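Q: Before I ask anything, here is the structure I am working with.
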Amino acid sequence: MAKAKFERTKPHCNIGTIGHVDHGKTSLTAAITKVLAETGGATFVDYANIDKAPEERERGITISTAHVEYETEQRHYAHVDCPGHADYVKNMITGAAQMDGGILVVSATDGPMPQTREHILLARQVGVPALVVFMNKVDLVDDAEILELVELEVRELLSSYEFPGDDIPVIKGSAVKALDGTNDEIGRNAVLELMAAVDSYIPQPERPLDKPFLMPIEDVFSISGRGTVVTGRVETGMVKVGEEVEIVGIKDTRKTTVTGVEMFRKLLDQGQAGDNIGALIRGVGREEVERGQVLAKPGSIKPHTDFSSEVYVLSKEEGGRHTPFFANYRPQFYFRTTDVTGTVELPEGTEMVMPGDNVKLGVKLIAPIAMEEGLRFSIREGGRTVGAGVVSSISK
């Protein structure tokens, strides 16, 4: 009897299957659970159960995603699979299911198709660190030369989107054979080979605690006789009493010292990733700091106004706009804890953006925000979410 609860002693990693419709992403997901179930590293989840992925709402957007978990000798994995192309786009842009790496599934009978290309581009834009390729359905191709050509095509495509196409592991196999257990060479063994590649090629993600200290400011209080307290949830890293930090965003960056940390009215000597804390800061007046700024380790993050982004625009059905928007559209961009107005620049040759579209937008904010590539944001009009995006590159 497989244990229902995994022992979380191994390092954890979030991955997902991406690729063109009907190339076998869901079959492969099922096959991985079946093969790893033999060693007690998973509970077998069949195709039908993964395919009827439940709907979730993330930032007001409806996304269908299936989650399975399994473990190898090396790691514990949370694996996400989406039923439809639109779900992938929304998932990757909102970061609803964080991906530390991806398994790109390409059918040997078709080779790379439009969504193969689109998912690779999305992975590049939203900062998925590494991909591994599973060439599926090799049982349907008799000619070994065709397999070589498909592999070459996939590698070239990956390189064209700045992934290391020559180095990425490409494993050839058949998810269906792994599921029905009829041909171990391209079935079970290929899945084991794939998981070994995922274990070794996808880098172990850095834990939030190991990153530099960052806390988005949610509220500011003044405590008579003590000074100014800023509250928020520590996103990454840790802060100790007596350490110097910077207040970044909206106004000029300034340094201060954290002279006290409290949580649930108790004084602590430090606050760390995941904690909701109040930080007492020295020499800063109540009116000199505001929601939307961040407290951060000095030099670790800079404020910016101009960036390009990958954006999903909510459809009318999702409660988004009913009409398209054009160049110089001026909505609010919601970063972490606050809205900042910004102007939008459309890609060359794009006249307008329709609700339901996925588009690359240039943005110019009226005030600088502490940001880095990969930061997620919402686009809002009068408090209503009309889009979701991720910073893909910073220009100013």
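Keep in mind that glycine also has a Cβ here, set from the backbone N, Cα and C atoms.
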Q: Tell me which range among 19-26, 251-258, 299-306, 379-386 Swiss-Prot lists as region 'G1'.
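A: From Swiss-Prot, the annotated region 'G1' range turns out to be 19-26.
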Q: To which of the residue ranges 60-64, 90-94, 125-129, 275-279 does Swiss-Prot assign the term region 'G2'?
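A: Region 'G2', as annotated by Swiss-Prot, spans 60-64.
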Q: Given the ranges 81-84, 117-120, 209-212, 329-332, which one is assigned the annotation region 'G3' in Swiss-Prot?
A: 81-84
Q: When Swiss-Prot marks a stretch as region 'G4', which of 108-111, 136-139, 232-235, 288-291 is it?
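A: My reading of Swiss-Prot: the region 'G4' range is 136-139.
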Q: If you compare CA-to-CA distances from T26 (Mg(2+) binding site) to each of the binding-site residues G19, C82, H85, V138, which comes out shortest?
A: C82
Q: As a test of the contact definition, list every same-chain residue at least 6 positions from C82 (GTP binding site) whose Cβ is closer than 8 Å to its Cβ.
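A: Non-local contacts for C82 (GTP binding site): G16, A53, I63, S64, T65, A66, Y88, N91.
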Q: Under a three-state reduction of DSSP output, how is C82 (GTP binding site) classified: helix, strand, or coil?
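A: The three-state answer is coil.
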Q: With Cβ-Cβ distance below 8 Å and at least 6 positions apart along the chain, what are the contacts of D22 (GTP binding site)? List them in sequence order.
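A: Those within reach of D22 (GTP binding site), by Cβ under 8 Å and sequence separation of 6 or more, are S107.
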